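Over in TrEMBL, the protein carries these features:
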TRANSMEM  27-51  transmembrane segment
DOMAIN    43-317  domain 'G-protein coupled receptors family 1 profile'
TRANSMEM  63-83  transmembrane segment
TRANSMEM  103-125  transmembrane segment
TRANSMEM  146-166  transmembrane segment
TRANSMEM  194-215  transmembrane segment
TRANSMEM  268-286  transmembrane segment
TRANSMEM  298-320  transmembrane segment
REGION    343-362  region 'Disordered'
COMPBIAS  353-362  compositional bias 'Low complexity'
């Protein structure tokens, strides 16, 4: 586990006699961690469901890295729930410090931790190529190359964590300090640990530094371009006024240059940048906090940051990713959506003359939230000669604008046309 304390100099076994203060502290720690881990588990599962429901996101290679990172977070969260939390609550009654179960569980935690760290570095490279070299993106991050890159991350994570299974490089969960420790403390493995994390940090810092520079230069170029267009238009209008011409045959486009960074790329950059920034804060805190204090509460804060890191990723995606929010909102509000659609469909049919087909259970509606507007399947039949034809025309306009977004059939709703990736 990457939150291994580098300065604990001995490994005494956990005392079997816990004082009332110790049990109180354990209760506080376990309660806080259960809340953190429960949120992390639920939110990461929702991210996977949201991406799986959208064919657009499923086929975008950028989202494959998000899927891989969510899987790593889920596995680490489950290991924490089934091993770290019970060990903290019951100490040696649940698992001994040097027990093989303790070694194996931390090995698997390390495996997915290092894989997640490498995924963050690869995500930074993905955004770097997408924004700085957009013409080469589809070639460098084709579907085949993306799959191989992700698999390489898992293989490398396994190789990095493999030494922890050997006596020279054990990492153990020390429940009375609320943290993981090296065993032995002077093991060479801590330098491997530091190297892998530092490598990913360097990749992220360099990639995002260049991206920020590119975005800044792009903004300056955009401002200069717009100023040039406005100046030309001003001279054009002045010449037109002096010549008394009613119109000018030449016009200038105000569209941005093709080299400008798109809104889609910027939103994905913000998502990956914030996730990487949280990892940077977590890992640097692990480096300096143990040298400031040897208190178990300092270690508690340090370990809690790693649990927060598991939940920050899906939180950032839900805050910045419009498409994921829409998919999950629809998923969570499905029953309310169906009920609202059926009620409004019946109300619309009752207020409309003309033939209706009550046996057709299919109705097309717009929107992805609980307050959807109805577009009746037989809107074109009658209704325009009725006093309520204005209302029918409004519904018809809504149908023309948002048709085939959702399909409600036999009381079940399904998404027909996924939102374009540009809305991410």
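Each residue, glycine too, has its Cβ placed from N, Cα and C.
Contact check: the transmembrane segment (27-51) against the transmembrane segment (146-166) gives fewer than three Cβ pairs closer than 8 Å, residues 6 or more apart, which falls short of the contact criterion.
Tertiary proximity for the transmembrane segment (146-166) is limited to same-chain residues at least six positions away from its ends with a CB under 8 Å from its CB atoms, namely 61, 64-65, 68, 103-104, 106-107, 110-119, 122, 189, 192, 196. Long-range Cβ contacts of the transmembrane segment (63-83) within its own chain (Cβ-Cβ under 8 Å, at least 6 residues beyond either end) map to 33-34, 37, 40-41, 44-45, 47-48, 51, 57, 95, 101-102, 105, 108-109, 112-113, 115-116, 119-120, 122-123, 126, 146-147, 150, 153, 173, 275, 307, 310-311, 313-314, 317. Per-residue confidence over the domain 'G-protein coupled receptors family 1 profile' (43-317) averages 84 (mean pLDDT, predicted model). Note on the transmembrane segment (103-125): residues 1-2, 65-66, 68-69, 72-73, 75-76, 79-80, 83, 149-150, 153-154, 156-158, 160-162, 164-165, 170-173, 180, 196-197, 199-200, 203-204, 207-208, 272, 275-276, 279 of its chain, located 6 or more positions outside it, place their CB under 8 angstroms from a CB of the stretch.
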